[in-house]
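> Have a look at the structure that comes next, please.
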Amino acid sequence: MRYLTAGESHGPQLTTIIEGVPAGLYIEQDDINYELARRQKGHGRGRRMQIEKDQAKVLSGVRHGKTLGSPIALVVENNDWKHWTKVMGAEPITEEEESEMKRQISRPRPGHADLNGAIKYGHRDMRNVLERSSARETTVRVAAGAVAKQILAHLGIKVAGHVLEIGGVKAAHTAYESIEDLQKVTEESPVRCYDSEAGQKMMDAIDEAKKNGDSIGGIVEVIVEGMPVGVGSYVHYDRKLDSKLAGAVLSINAFKGVEFGIGFEAASKNGSEVHDEIIWDEEKGYTRKTNRLGGLEGGMSTGMPIVVRGVMKPIPTLYKPLQSVDIETKEPFSASIERSDSCAVPAASVVAEAVVAWEIANAVVEQFGLDQIDRIKENVEKMRQLQREF
């Protein structure tokens, strides 16, 4: 499977075309819109989320609630477009109109794509860069992830994301009873944190950063349960499941690090403290005593829960901006200010959940794939049976 996205932050709409989704999958627009609504929530979000009410429209690939096997086209309209029709319109304008155009940007923000993108593509108005590099694009990535989650749900695979840390405040209590329990509690938290006490401190940290015109980042975790053994490959580097998951998480705006299981802690431990001992269970077959490697060995799933974490840096748009340079005058200036969040970590956990779900679904369809969802399910069940009987 694959998908492409198109659209600018303040353009008329965002679009994604999804190819390779098997036929016969039951899906409704409400399933997608539920995920889009989750992305818009979260303490620390900016005024843009008060303007947008993201709703996906399915234009192709689905008939009477079931996928056809043909490409699925989804669009999400930008409500804010009506305020940007002249600035972001596709029609040509004169040089005089361009010189008088408001909202042109010549002072790049440190930490953003502004300057590098302007040099790469030759844009004197860096709005041409920031409109596409904006995290607004993740709206349709979440929509694509919603389709992937429906595939996984049909196969008995569950995906849940939550927040572990914001602005140095760490969740102390993360021992959830089940993945359903984790989902229920985090959906009720304004910062998507399972630990309610830590969640309140996270909100306080966000409020303090906002008051100071600053921003803060954090750490999110995504858990995948119900995986069959052997998804991925040890044969080639580009087919390793952990490689694909790491790339997906790092492709999210502002994400700068990724780890699996105990992650970077493994560097300071002995091998006996890192690797998961193999045991035989009458019901499950081969399994592990622990899950320190996060459900992945040799580029493949072990059948244990996959645990992946991503580090999100603070958003680079600051209301007390850092020093920059005006590219027209070469004089020092404060960086440009755009409407932005003070913290997007809670929303980013939903995006991380979506991209992980996509990579898992893609790997499963590739490995067990046929063109019909029920046949894929039969093959997945055969692998689960093999794990029990091998």
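Any Cβ shown, glycine's included, is placed from N, Cα and C.
Summarising the annotation, Swiss-Prot assigns NADP(+) binding site to Arg39, Arg45. Positions annotated as FMN binding site by Swiss-Prot: Arg132, Ser133, Ser134, Asn253, Ala254, Gly298, Lys313, Pro314, Ile315, Pro316, Thr317, Arg339.
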> Which of Arg39, Arg132, Lys313 (the binding-site residues) has the most other Cβ atoms within 10 Å?
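Going through Arg39, Arg132, Lys313 one by one, the largest Cβ count within 10 Å is at Arg39.
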> Based on the record's binding annotation for FMN (Arg132, Ser133, Ser134, Asn253, Ala254, Gly298, Lys313, Pro314, Ile315, Pro316, Thr317, Arg339), what whole-number value in Å is the widest Cα to Cα distance?
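Farthest Cα pair among residues binding FMN: 44 Å.
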> In the structure shown, which of the binding-site residues Ala254, Ile315 has the fewest Cβ neighbours within 10 Å?
Ala254
> Expressed to the nearest Å, what is the distance separating Arg39 (NADP(+) binding site) and Ser134 (FMN binding site) at their Cα atoms?
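Cα-Cα, rounded: 15 Å.
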> Quick check for the class: what is the C-alpha distance, in angstrom and rounded, between Lys313 (FMN binding site) and Arg45 (NADP(+) binding site)?
15
> I want to check the contact list for Ser134 (FMN binding site): same chain, sequence separation of six or more, C-beta distance under 8 angstroms. What comes out?
Glu8, Ser9, Asn253
> Write down the Cα-Cα distance for Ile315 (FMN binding site) and Arg45 (NADP(+) binding site), rounded and given in Å.
11
> Might you list, by sequence position, any residue in that chain lying six or more from Thr317 (FMN binding site) with a Cβ less than 8 Å away from its Cβ?
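Result: Arg109, His112, Ser215, Ile337, Glu338, Ser340.
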